[in-house]
Structure formats: C-alpha cells, structure tokens
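Per TrEMBL, the features are as follows:
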type	residues	note
ACT_SITE	708	active site, proton donor
BINDING	16, 17, 18, 19, 122, 127, 529, 530, 575, 619	5-methyltetrahydropteroyltri-L-glutamate binding site
BINDING	445, 446, 447, 498, 613	L-methionine binding site
BINDING	445, 446, 447, 498, 613	L-homocysteine binding site
BINDING	655, 657, 670, 679, 740	Zn(2+) 1 binding site
BINDING	655, 657, 679, 740	Zn(2+) binding site
DOMAIN	4-323	domain 'Cobalamin-independent methionine synthase MetE N-terminal'
DOMAIN	441-762	domain 'Cobalamin-independent methionine synthase MetE C-terminal/archaeal'
Ligand code: GLN
Ligand code: ZN
C-alpha cells in the first residue's frame, strides 16, 4: 500500500477569510477571541478538506508566518520584545509587523511602546516571505510547544490522522540572521549545540502525545552547502535520533544533487523529495537510501496550478511502487501554501482554461486518484483517469495554447534582434542632442499616487456603472493632472503616471493573448498580503498596442520628453503562473517579442524615452548558483529583444527595485539599457560600489527618496546622497530620481518630496 500525505495546506482561506480577520483585528474592529476562533474554524475546515489522506499536516497553520511560529516554539524572541506582558499573540504580531513610534506612546502602558518589525525575506524561490529569525552570541532557546500541542489536540478531537510539521534545526539556523555577526555563518553554527536540546525536547513532547510521524522540513538541502553546514546536518540528526517519533525529513523546491548522499544517510525514518524539480534525484536515491527508510515522492506540483498528467505519473511511479512497496509514499512536491485553495470558486474563468487547472483541493483529489491506481489498479479509477487524460490532451492540442506564428518567431530568434544599432558611447551623444537634458537630469519611476478617485473610477468601470468614454475621460484627467504637477515641479523627463494601471503585470496580461485571470487565485505573499498571479497559459501575442494611446495623450500635453512605461518580459514572467509544457525561457522570449512590438510602436508614435521595468529580474534567480548563468542568459537576452530594436536616438531606461547587484552586475551591463534606475536611498549609496568596481559604462539613477516611507526627504539629504553617488559614478552619467514608483503615496507627500529632489538637482548643477 502506498501512503498519501500532504506537507502543508494554504491557510489564508478559499475566500481569504484569514486576511480579512487579521486586518479587522489589527484595526481594533474585532477581538482576539474572534480572531482565534476564526483560526480554529479554518484549521477545522482545512483538515476536513484533507480527510481522505493517510497523514495530514498539523502545525502548518500560522497566523502570520510559519518561521515566526517556529521562533516562538523555540523561544527565540528578539530581545526587544522579551518581557512583554500582554497576550503572546499580540507579541507575535509585534515581531511580525512592528509598532510605530507614533502609536508607541499611546501603547506604552499596555504593550511596551514602539518596536521594530522583524526583517522579512523571500522563502527560497517562492513569492512567500518569512520573518527572519534573529540570533546573537547570547541567544538561548526554550521550548514553548503550546501552539503545536493545542493544534494537535484540536486535530485529534476531529479524528485527523495528524502528522505535526516543524522547520528543521539546520534550515532554521541557515535562514536566520546573526545580528552581531562577526564570523559570518560560524556565529549561527555555534548555536546548534544550544538549539538541539530544545528540538529533542519538542520531539519527546510529541512522542509523549502518541505522535508517530513528525515532518521536519529541511529545504536548505536543495541548495549548495559548504562543509560546515553538511556537518551540522550530521550533528543535528544524530543527536535527534534518540527520539521516539519517526522523522520524515522533507526537502522541496529543487534538487538534492550532491547532497543526495547526505540526505539519504541521515538517521531518520523517511525522506521526502520534490519529484517535480528533483526528479533526477530519484534513481540515485533508490540505491542510496537504506532499506528501512520511507521514500516520499512529491509527484504533484505544489507550485503551479496545472492539472497533473496522472497517466504519465503512474507510468513512472508504478515500477517504483513495485520496488518499494510500503516504503513508497506520495504527496504534493511541497506545501500547498503556494497555490490557491479551490478551483470550484472560479465561476468566471474561461471554461477551457479552467478545465486544465487544479488548485490545492483538486491537487489532493489527484493524489487520491494516484494512490487508488497504485493500490487497487488503474481500473479502480478508470473514469477519473479518463477525464484527466481528456483534459491533458485538450490542453496539449488547443489552438488557444498553440499559435504557430508565435512558435515560429521564437524558433527563428537570432542575436541580432537584441543588438542596438550602436554601442552606448556612440548613441549617448545622439540622445543628448535630441533630448537636451541638463546635468543631473530628474525623472520619476513611473506611477503617481493611485488616488481613491482613480480606484473608484476603475471599480465603477469594471462593474459596468461607468462606460468606456467616462472611464477614458477620468483617466485622462488624472494623466493631465500628473503632467501639470510635473511641469510645475520642473522635472526634466516626465511620465504619464500609470493611472490606468491596476498592476504593472496584470495590465499587460489583460491585453496579451495567452493570458487568463482568476477571481480567487490568491496566494499568500506575507502576513495578510496575497497576490493573484495572472495565468500564462498559451503562446503570447499582442493583438494591438497596449499603452501607445495613453502615452501619446500624455506627450501631447507637454513639450518636455515623455517617458513611455512598460513592464519587461522577465518581470511579467516571474510574477505569473507560467506554463509547465515549455521551458520558462520560451515563454519569456514570447513575452519579449510582444513587448518589442510595443516599444517599436511607442517609438513610431514619437516617444523617444522608453522605460522597461524589470523589477523582478533578481527574483527569478535559481536556488543553486550553478544554475544562475543559464537563467541570466535568457533573461538578459529577453530584455534585449524587447528593448533593443530602437534607433540610437531613443533612450532605453530600465528600473529594478533593489540594490544588490554585486553578483549579477555583468548581466545588468549586458542588458545595455541607456539608463538604469535602482533603489539605493536606504543603503546610503554604498551599494553603488558594485557599479563602481565594475566600471559600469551606462547611466544610473540611484534612488534618493525612499518611497516606502511617508517621510519627506530634505534637499540637503538628497544632495548628500548624490555627492556620495558622484564619488562612485561619474557625475555626467547620474540621474536624480526616487527609489521606485509613487503609487502608494499621497500627493501631499509627493509634491514636497519631489520639490526637494528637483531643488537638490539644481543645486548640484550649480555646484558643478
Ligand atoms: N513603473 C512602475 C511604477 O512606478 C515600477 C514599479 C516597480 O518597480 N515595482 O509603479
Ligand atoms: Zn521599483
């Protein structure tokens, strides 16, 4: 018999119930008890949803984040929140979200005043963000198993076959940050000795409750580990092997590769691997794995929304089941946290596309069909398998998916497409002659405040209460407003302000063929925040121009250069659910060709500065460094295809929302944008070092205004930042601009901030 299990379930709720409950609690509109009750209700519902499985995860539910839960379980609270007197849940939210100094006084008596939030960062290569555990040399750990035991008791009361889920000690340390770091990773590794007894106590506590299996997540095993970390794995699991529970060591998101031997030989009772991304690990593991161990294969993709080709999985897994017998388990590849909950909620989704999809609940159904086929023969689930085959075949051959013209265009791509007519040194004087910009030219990153008027007009339009003409007029009024404001501010290169865009990816996806949009395809990004990635299902083409009319209108309102604004192919790709039937690179090239057409249409319409945002380029980097270059090669080539068809006089800008470029600077230079704007204000320009050391040849706009903060930067501060920038990059290649778009700010913040920014640029010109 093959055992079925699940690694984790999305906790946000099919209709984002947890999001709304959290936000209402944070606003003081509902009580802590109400929030806790909602949590219990969601857990109950999610366990019911998983009821047909042999083992169901418990402890995967978190009010904010599973890593933060683990920090509380291990008693690893940052010093600044220790000694808090109130309810632990409130302390938990203080670490998660911080408390501002403004509110601090009002709260000084009840909860100790202002406190900085824990740092948040991306969970491996997903779009989920966790709260980074903090360590110092004096960090100690102390078990608090309350949350886990409470949830276990709830699950048991409901008759759930519970498998508690925890983050393993090595991953926990590896993903944390040594706050008083002096010796790098050594500081963190030194804590292992203190950490392990707490893990041992936790496992004993669970054993005392009669728990048989515990899932212990060590996804760090799919990354490149140096000898110290490998050693830590051995130390940790040899120490934990005395425990009476059986450990299922869970890895996911990638391949074990050179860590296969290590993972196979740790003294645990079972190993789970991601058999979607790490399928090549399976054969070697069959030989490496000691014969008493369970091998759990993640055969259903927990990262995308496509139906599984069940027959193909069975063809592959049936022989393994014969060989492994009881030792074979099957599961989704990773926690289902990264997919939406229930496809049945989607009533508006295109019927064809819908028939090709599976959300979390449907993925669990697939798992059950696979188990039935393995345990009782394919005939026992004949109808299910036939329906699955029909959907898979329909998708494969659908004309909605396959566009021969697009396929041919990608098949015949050649490097010349990505090549500018001349090198930067030759085109830059031509651009200067055309644009006639001053030294330290000023610009913004694209969006201006999305006011409530704009949002209201859009929702009325979507609801059919505002007609097309009315909507156009409202957006044009906003564009005009932002152009007038920019002229009054005396900015040099203007933007239209992106009023008509709900979101920088969705806006383009909606206009491209090959994209679909869900209503309930929400995935947790962090805390109560969710994203609803558009679904790239078919070959991408652009039926008509997407931005030209708006930009032309904006340009008609001013004599100053108007910057056309587009989202780049890599960012569109990285922020979408993408196809699993062709390589990501192919989808990216298709997007690049569509954006290229838009760039050329803008140029034809007289727009001579065009920005192509690649906010998410870095996010797409593979987990393993060894695979970075391959990704960067096609990502950069895609950008070049999109951007570089223009004449020398047309100035290409790109924008990236971060400032770590050290390790990818060659690729950034290869993109060959005339101007790159980046986020630097919070790093005090030090991160420009990467550009300095590399002698980056083109122009740079290091952000001087932190748009995430409501604070208004002073002229003096901006001048100081620019002077630091000029120590690293020749002044004639510097631009002055904010860190990112201004859509989340209010006009009364934007005007004084940009006033100071323009004044700073003018002062720098004077001084030069
Ligand atoms: N042009 C976009 C804007 O200004 C860029 C946003 C981003 O980089 N995240 O909103
Ligand atoms: Zn940005």
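Cβ coordinates are placed from backbone N, Cα and C, and glycine is handled just like the others.
Features recorded in TrEMBL, as mapped to the structure shown.
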residue : record                                                : contacts (Cβ under 8 Å, 6+ apart)
18      : 5-methyltetrahydropteroyltri-L-glutamate binding site : 11, 12, 38, 39, 42, 63, 528
122     : 5-methyltetrahydropteroyltri-L-glutamate binding site : 128, 129, 619
445     : L-methionine binding site                             : 495, 611, 655, 677, 703, 737, 738, 739, 740, 741, 742
446     : L-methionine binding site                             : 495, 497, 498, 563, 565, 611, 613, 655, 741
529     : 5-methyltetrahydropteroyltri-L-glutamate binding site : 19
657     : Zn(2+) 1 binding site                                 : 615, 678, 679, 739, 740
670     : Zn(2+) 1 binding site                                 : 636, 640
708     : active site, proton donor                             : 739, 740, 744
- line: Counting other CB atoms within 10 Å of each candidate's CB, the least crowded of the binding-site residues 16, 655 is 16
Query: Far apart in sequence but close in space: which same-chain residues, 6 or more away, have a Cβ under 8 Å from residue 447 (L-methionine binding site)?
result: 495, 497, 498, 501, 741, 742, 743
Task: Select, from 122, 613, 657, 740, each of the binding-site residues with a Cβ positioned under 6 A from at least one atom of ligand 2; if none does, say none.
output: 657, 740
- prompt: Does residue 575 (5-methyltetrahydropteroyltri-L-glutamate binding site) have same-chain partners at least 6 apart in sequence with Cβ under 8 Å from its own Cβ, and which are they?
  reply: 127, 505, 531, 533, 534, 616
- request: Starting from the L-homocysteine site formed by 445, 446, 447, 498, 613, give every other residue of that chain whose CB sits within 8 Å of the mean position of their CB atoms, in sequence order.
  value: 444, 495, 504, 565, 611, 655, 740, 741, 743
- line: All chains considered, the count of other Cβ atoms within 10 Å of the Cβ of residue 613 (L-methionine binding site) is 25
- prompt: Which one of these binding-site residues, 498, 679, has the sparsest Cβ neighbourhood, judged by other Cβ atoms within 10 angstroms?
  reply: 679
Task: Please go through the binding-site residues 16, 446, 613, 655, 657, 740 one by one and keep those whose C-beta falls under 6 A from any atom of ligand 1; give the result in sequence order.
output: 446, 613, 655, 657, 740
Task: Can you see whether DSSP assigns residue 708 (active site, proton donor) to helix, strand or coil?
output: coil
Field: Extent of the 5-methyltetrahydropteroyltri-L-glutamate binding site in Å [max Cα distance among 16, 17, 18, 19, 122, 127, 529, 530, 575, 619]
entry: 28
Cβ-Cβ neighbours of residue 740 (Zn(2+) 1 binding site) (radius 10 Å): 26
Query: Under DSSP, is residue 613 (L-methionine binding site) helix, strand or coil?
result: strand
